[in-house]
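S.K.: Quick one: the structure is below, and I'll ask about it shortly.
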Amino acid sequence: MSLLSDLINLNLSESTEKIIAEYIWIGGSGMDMRSKARTLPGPVSDPSKLPKWNYDGSSTGQAPGEDSEVILYPQAIFNDPFRRGNNILVMCDAYTPAGDPIPTNNRHAAAKIFSNPDVVAEETWYGIEQEYTLLQKEVNWPVGWPIGGFPGPQGPYYCGTGADKAFGRDIVDAHYKACLYAGINISGINGEVMPGQWEFQVGPSVGISAGDEVWVARYILERITEIAGVVVSFDPKPIPGDWNGAGAHTNYSTKSMREDGGYEVIKKAIEKLSLKHKEHIAAYGEGNERRLTGKHETANINTFKWGVANRGASVRVGRDTEKAGKGYFEDRRPASNMDPYIVTSMIAETTIIGKP
């Protein structure tokens, strides 16, 4: 095994200028991440300089067998924490051979919104809190939980320390450092309320880059849990009953919100969100009705309410923002399995482009 490890960790730059580029895309379910690697003649830092590639869409649920070719367009480059050196991870989106975005390509529509002049002028910032649950591979049950049984009730696990409270920290720390190495703007991690559940935060990131960074952070987490023999779940309510669900709270601000008088802009934006509540809920992740019950730090899925420092609200404004009269707000509705391209662009579209 030591030889295998040595070969995996070979430094290619000592013998060749060639690099390995891992092309990443989102599969047909909207949550399954796919990737494959190719050799390039030398280092690349601009995605527009990368070649397009193709894959068999009939094997990912994205094309029929008789016309299965789907084309990958490179969109963002990250350092590869697994191969290291000059090797890269490449976030792609998918198109037909004719150049049309395939139906599951949510990045394309988001990029259109983020290129709107009004949105560009507002310099939209996002901070996304991605919650997830680590499961024992063979039994599909959270790590640290007795098989077929339950741990003690919630309370000691949130930001907890100790072998009886924090389960999977080695995976979490490995992911944190790998994301920093990759160039993802990961801003923190913490243990969550339900044991075996964790959170990482990405941001502040501007516009479309927030979606790119969250997706690549998810990819890196999938790869690390693959190595560790653990399954990562983004289900919004992995364990029924008196256990917290998993969300992807989305913190948001515009240039106008961050400037003096921004609190009034924030309140107007929240009013716009309230008028589009059903549309946003429909796009904020599957199975969210199991999570947004009005319990476990959530608002009921059928009602919209906002408040200052209220974790039972649909949208929360922080005390610091209220006091400063400017800042940001947190949309607490998105589920952990939401598509960040959809959520970030939809918030921008509703609050900036949408009419009062």
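Note that Cβ sites are derived from N, Cα and C of the backbone, with glycine treated the same way.
Reproduced below are the annotations present in TrEMBL:
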{"type": "DOMAIN", "residues": "19-99", "note": "domain 'GS beta-grasp'"}
{"type": "DOMAIN", "residues": "106-356", "note": "domain 'GS catalytic'"}
S.K.: Let me know the model's mean pLDDT on the domain 'GS beta-grasp' (19-99).
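M.R.: That stretch averages a pLDDT of 96.
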S.K.: Per DSSP, what is the residue tally for the domain 'GS beta-grasp' (19-99) in helix, strand and coil?
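M.R.: Residue counts in helix, strand and coil order: 9 helix, 39 strand, 33 coil.
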